[in-house]
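Engineer: Attaching a single structure in structure tokens format; questions to follow.
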Amino acid sequence: MVTPLTGTHEGVSCDGCAFTAFAGNRYKCLRCSDYDLCFSCFTTKNYGDQQTIADIPIHDESHPMQLILSSVDFDLVYQGDPTRHYDERKIVSFTCPYCNITGLTERQFGTHVLSQHPEAPGYSVICPLCIGNTEMEHIQSKETENLSVHWTEIHLHTMENLFRSTEPITTRPVQRRPMLARRGNRAGVSRTAAQGRPLQDEIGAEMAALLRNMGPDSVEDIRRFTEMMTVPLLPGIRSSQRLMTSTGDRPTVVVESAVTHQDPNVQQVIRPLATIPIYPPTSDESGDETPQPAADSADESEDDNDIQELDDMQPIVEDEALKKDEFWKTLKTRISEEDVDLILETMKSTAKVKEDIDDKMPVWTQRPLKRLANAAQVTTTSDSEGDPGWLPLSFETTPIRSTGCGGYWSDKRFLRPRKMQREQSVASSNAEIMEKAEIALALIRASCLHEPVFTDPTKPDIALKEALQHLRLGEKPAKMMEYQAAEELVNMPERDPITTGEMEVEIPDFTARGYGQIVDGNIPLGVVPEADEAITNSEDEEIVGGETSGDDEDEQEDDENDSQDSSVPEEINID
């Protein structure tokens, strides 16, 4: 005998791929008589070769399909549910063969069919409950023309029995009624045992057997308890009198039975409970409540006492030392009188032992003002070495650990953007540093005697120090140069390049005076000062004398040329 494979649909073949005993999900058509598809053919819409046969419709994509799980998948899905058994019912979620609604339970399916499809639409369908039931799976006639009638005749009674058997048994919770005072015998309440003896006789026999097996002390306690329980039934005996007298001088409350046919001589005795006073007893008989006028007078007397105490208090006065304090005088001029009284009250209530003023370090001491000299001669000292700071402060803040968020630093979603942002900032800062380095190297090459050679990249300052050694950058001048204001510039006549035939060229002044002006920033680089103080008076006189003699000769030559020019038009005759 061949053992069927676990998790396969035995005896079923796929009409799409013709594979027998396939595994996985099985899809059963609820319109066609015998049409099944595997999971692969259902998802790819492989419906196989269908031949047109009389009275047999061809399968269409719109036909409702019922999902049937394999045994392995069923156990995995409904594991731990004692009401689901694959051997009894292999379908849990049903599909309507009319409107193709899925996800219906047995009860929901029946309600849906009876309410939505009471009349047959005119074609036969397959009942999904018959397919899911193992006992009805191999029945030949599974098709029905009226599903509502089929449900009422076949499945309704079976489903009711199934629901009744699977529903959990609900029991009412036991409610303990409070024990009330026992009353007398009621009519028709006396119970008898199976042998015909009263129930009290059985209890008495059991009680007697219990008394024989117990000690003398316990016997006495049980006997007293028995007498107490039988007091309502025997009101005239001696035990009831003893019990009532033990309660003191309290009056006995006797309540007659409400039953009309009961013996009128039988009375019910109720033992009053002992009361414990909440408040201690008082000698007077005024009662618990206080009259309203008395209460009002008491409140008024308390208010009067408070006012009297306030009047008796001595007024707040200032001490002699406080009156002479300059800070207190200034403070009084800036705040109101109420604030002054409040401060005095606070100072009076929080008085402390007077301490020596000399032993305490002042909070604020004014630093003596120093006259500022040149910027190079001003020296600063730290507060720890020299005089104390002008305003030392002490801040009390919350620790950073208490306000931090630990989850933020452990979450990778936040750390990754921070890392990327940090890398971008580092890259941008490196680029800026390289640009500045190139500019610095260009300046160094222009000002150094020879180009520095950086043999060790980690120590570039050594090469720079050797290259810039002639500039003496680290040495301070023995005497500071005094600042001199720039002199007014004299406008010199401009030379016309058209008349002179020369291009105007700006020649920088490389003299000591010009270099100083360029460094100080008074004159832009490359601009020649139009008036230079380096020209001495003697040179000016020589230049002036030479210019005067030369000017006379030039004037004579110009006069001769003018006379010649004037004689030219007389000699030329124009006919």
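In case you wondered, yes, glycine gets a Cβ from its N, Cα and C as well.
Sharing the record's features from Swiss-Prot:
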BINDING   CYS14, CYS17, CYS38, CYS41  Zn(2+) 1 binding site
BINDING   CYS29, CYS32, HIS59, HIS63  Zn(2+) 2 binding site
COMPBIAS  297-306  compositional bias 'Acidic residues'
COMPBIAS  530-563  compositional bias 'Acidic residues'
REGION    277-306  region 'Disordered'
REGION    530-575  region 'Disordered'
ZN_FING   9-73  zinc finger
Engineer: Within 10 Å of each Cβ, count the other Cβ atoms and name the one among the binding-site residues CYS17, CYS32 with the highest count.
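Structural biologist: Within the set of binding-site residues, the most crowded position is CYS32.
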Engineer: Between CYS41 (Zn(2+) 1 binding site) and CYS29 (Zn(2+) 2 binding site), what is the CA-CA distance rounded to a whole number of Å?
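Structural biologist: With the alpha carbons as reference points, the distance is 13 Å.
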Engineer: Which residue counts does DSSP yield for the zinc finger (9-73) in the helix, strand and coil classes, in that order?
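Structural biologist: Residue counts in helix, strand and coil order: 9 helix, 16 strand, 40 coil.
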Engineer: For the zinc finger (9-73), what's the mean pLDDT in this predicted model?
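Structural biologist: The answer is 86, the mean pLDDT of the model over that range.
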Engineer: Specify the nearest of the binding-site residues CYS29, CYS32, HIS59 to CYS38 (Zn(2+) 1 binding site), where nearness means the distance between Cα atoms.
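Structural biologist: Sorting the binding-site residues by distance from CYS38 (Zn(2+) 1 binding site), the top entry is CYS29.
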Engineer: Have a look at the binding-site residues (CYS38, CYS41) and report the one with the fewest Cβ neighbours inside 10 Å.
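Structural biologist: Checked CYS38, CYS41; of these binding-site residues, fewest Cβ neighbours within 10 Å: CYS41.
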Engineer: Quick check: with CYS29, CYS32, HIS59, HIS63 left out, which same-chain residues have Cβ atoms within 8 Å of the centroid of the Zn(2+) 2 site Cβ atoms?
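Structural biologist: Apart from CYS29, CYS32, HIS59, HIS63, the close residues are LEU30, ARG31, TYR35, PRO57, ASP60, MET65.
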Engineer: 10 Å Cβ neighbour count around CYS29 (Zn(2+) 2 binding site)?
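Structural biologist: The answer is 22.
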Engineer: Let's check the environment of HIS59 (Zn(2+) 2 binding site): how many other CB atoms sit within 10 Å of its CB?
Structural biologist: 18
Engineer: Residues with Cβ closer than 8 Å to the Cβ of HIS63 (Zn(2+) 2 binding site), same chain and 6+ apart in sequence?
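Structural biologist: Those within reach of HIS63 (Zn(2+) 2 binding site), by Cβ under 8 Å and sequence separation of 6 or more, are CYS29, LEU30, ARG31, CYS32.
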Engineer: List the other residues in this chain whose Cβ sits within 8 Å of the Cβ centroid of the Zn(2+) 1 site residues CYS14, CYS17, CYS38, CYS41, in sequence order.
Structural biologist: ASP15, GLY16, ALA18, PHE19, PHE22, LEU37, PHE39, SER40, PHE42, ASN46, GLY48
